[in-house]
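The signal peptide annotation in Swiss-Prot covers 1-22 and is backed by sequence analysis. According to Swiss-Prot, the N-linked glycosylation site annotation covers Asn37, Asn57, Asn62, Asn79, Asn168, Asn175, Asn322, Asn409, Asn425, Asn446, Asn452, Asn519 (among others). As annotated by Swiss-Prot, substrate binding site applies to Phe94, Met95, Asn96, Asp97, Gln113, Phe158, Ser159, Arg227, Asp228, Glu280, Trp366. Sequence annotations record features per position, and here Swiss-Prot assigns active site to Asp97 based on sequence analysis.
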Amino acid sequence: MFLKYILASGICLVSLLSSTNAAPRHLYVKRYPVIYNASNITEVSNSTTVPPPPFVNTTAPNGTCLGNYNEYLPSGYYNATDRPKIHFTPSSGFMNDPNGLVYTGGVYHMFFQYSPKTLTAGEVHWGHTVSKDLIHWENYPIAIYPDEHENGVLSLPFSGSAVVDVHNSSGLFSNDTIPEERIVLIYTDHWTGVAERQAIAYTTDGGYTFKKYSGNPVLDINSLQFRDPKVIWDFDANRWVMIVAMSQNYGIAFYSSYDLIHWTELSVFSTSGYLGLQYECPGMARVPVEGTDEYKWVLFISINPGAPLGGSVVQYFVGDWNGTNFVPDDGQTRFVDLGKDFYASALYHSSSANADVIGVGWASNWQYTNQAPTQVFRSAMTVARKFTLRDVPQNPMTNLTSLIQTPLNVSLLRDETLFTAPVINSSSSLSGSPITLPSNTAFEFNVTLSINYTEGCTTGYCLGRIIIDSDDPYRLQSISVDVDFAASTLVINRAKAQMGWFNSLFTPSFANDIYIYGNVTLYGIVDNGLLELYVNNGEKTYTNDFFFLQGATPGQISFAAFQGVSFNNVTVTPLKTIWNC
């Protein structure tokens, strides 16, 4: 998270939140107002504590819901037109990196960097939400608060990860805590101008509240740029491994431990790939190779700023882990997502050696996230994605082992299909004809593009174009996707998706070369202000924010075919909201 660089540079950020370290961490509020902006959210009451509830308990009286800051939310709160309907967003405040993704006891926990009282990155906490299907989320109380030191100076819980200490290697749990509930959070204790150190917290109530370890920090190398620990279990070495960023030294350090408390350095993977200003939010996983019984290790590194499109991006390396070192297969830099708005991706921890590799990314960019024109919240997460590896053609002579991403469980949200067409070509009356979408509703589209090469093919004209217009009366706002067969290029244009709001770094249009070795499949998830595009069954992905004028949402989609290009097997399907209030 770029905030870390700002704070480490000594720039003071003003926060509205006073010390919360002494306050109980599981509280209800006394009442709620009609919420129009973040400052109207009712303060948390210090007078009434609530015992840890069972799963599915966060519906408050009179049809309201519980927010991420323990506030009651009025019915219809999540229906605001500037809020995505199927992507997780905080009830209020500012959210960035996903943290501590862990699956245990049939429940997916997702923690996240959270500034609950401001709409810009500030006094970071660990927010918390849970799901049984990676689609529908319930808000839980804040898991980790800042620590207050002398003279009111705060140290902040920066990004990290979570594990299930099934065998109680840490000794933090009693026999009364069942193994599946022994969740340990590993995070960076960021003390501005002093140090970044790794610390842990643990739960004794199944993951509802957390207590900081009294012996923190568990790893301190006397550095101001040492953060974002990802801890995994090495099944071959039978020990814990921490992957942590030595951010401005461009290093990813590996440490081992048998108890999550005492750590020994193993190696450093350094100065590889795209550098940017700094490394952040590393991760590593053993990923299956499609069509085989083989696995390869993948090392993820976020960089910011310094992305090819500017700002934030996540790169990865394919290789092997020998228990001490990560050894890449090649020096090729690969990017997880080629859009403008994907950063700080995190992977789910599971106690199973052969569990699916599942991850989530922060759908924003530090170049403009603090100015995004949303009213009571800022930022969203991508839908959960399953990762595999596949040999993907790069040109007629070379394949490259590449990450394949598949969105998970979106099918649970599908409504009745709105539109189907077996083919749309340039001579079809359907080419360019608008399809009206339900108001304030997410939707998906699925299409295969093909080209008749017997016809002339000219760059800029031999293409298929998908246009998503807003529902404002004049259709002045839109976002579009072009597949140009002559140029072997995919173009995303969001120049008309920032009306009423302007940021010079909000790249209006960008193109990416794609090697077209046959038909091109496109699967898109379009939510209020967010597009996730998956090309050729996840060989490439593009995550992009867009901002229509306040009150406007996607209202039409059209498929325009030019010069020998055809859209085949076209479907458009609305998606039901994930929220019940």
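Glycine residues also receive a Cβ, built from the backbone N, Cα and C atoms like all the rest.
Positions of Swiss-Prot features highlighted on the structure.
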residue: Asn79; record: N-linked glycosylation site; DSSP (3 states): helix
residue: Phe94; record: substrate binding site; DSSP (3 states): strand
residue: Asn168; record: N-linked glycosylation site; DSSP (3 states): coil
residue: Asn175; record: N-linked glycosylation site; DSSP (3 states): coil
residue: Asn322; record: N-linked glycosylation site; DSSP (3 states): coil
residue: Trp366; record: substrate binding site; DSSP (3 states): coil
residue: Asn409; record: N-linked glycosylation site; DSSP (3 states): coil
residue: Asn452; record: N-linked glycosylation site; DSSP (3 states): coil
residue: Asn519; record: N-linked glycosylation site; DSSP (3 states): coil
List only the single closest residue to Asp97 (active site), chosen from the recorded positions Asn168, Asp228, Asn322, Asn409, Asn425 by CA-CA distance.
Asp228
Asn322 (N-linked glycosylation site) versus recorded positions Asn79, Asn168, Trp366, Asn446 - nearest by Cα:
Asn168
Ranked by the number of other Cβ atoms within 10 Å of their own Cβ, which of the recorded positions Asn96, Asn322, Asn452, Asn519 ranks first?
Asn96
May I ask which of the recorded positions Asn168, Trp366, Asn409 is closest to Asn79 (N-linked glycosylation site) if we compare their C-alpha atoms?
Asn409
Near Gln113 (substrate binding site), which of the glycosylation sites Asn168, Asn446, Asn519 can be found within 10 Å, Cα to Cα?
none
For Asn168, Asn175, listed as glycosylation sites, tell me which one has the smallest number of other Cβ atoms within 10 Å.
Asn175
If you draw a 10 Å sphere around the Cβ of Asn409 (N-linked glycosylation site), how many other Cβ atoms fall inside it, taking every protein chain shown into account?
14
Which site among Gln113, Ser159, Asn425 has the most other CB atoms no more than 10 Å from its CB, taking these as recorded positions?
Ser159
Want to know which binding-site residues, from Phe94, Asn96, Ser159, Asp228, Trp366, are within 10 Å of Asn409 (N-linked glycosylation site) at Cα; which are they?
none
Cα distance, Ser159 (substrate binding site) to Asn425 (N-linked glycosylation site), nearest Å?
48
Asn79 (N-linked glycosylation site), number of other Cβ atoms within 10 Å:
12
Closest to Asn96 (substrate binding site): which of the glycosylation sites Asn175, Asn446, Asn452, Asn519, going by Cα position?
Asn446
Report, as a single number, how many Cβ atoms besides its own are within 10 Å of the Cβ of Asp97 (active site).
28
I need the nearest neighbour of Asp228 (substrate binding site) among the glycosylation sites Asn168, Asn175, Asn446, Asn452, Asn519, using C-alpha distances.
Asn168
Kindly assign Asp228 (substrate binding site) to one of the three DSSP-derived states: helix, strand or coil.
strand
Using the alpha carbons only, what distance in Å do you get between Ser159 (substrate binding site) and Asn519 (N-linked glycosylation site) once rounded?
41
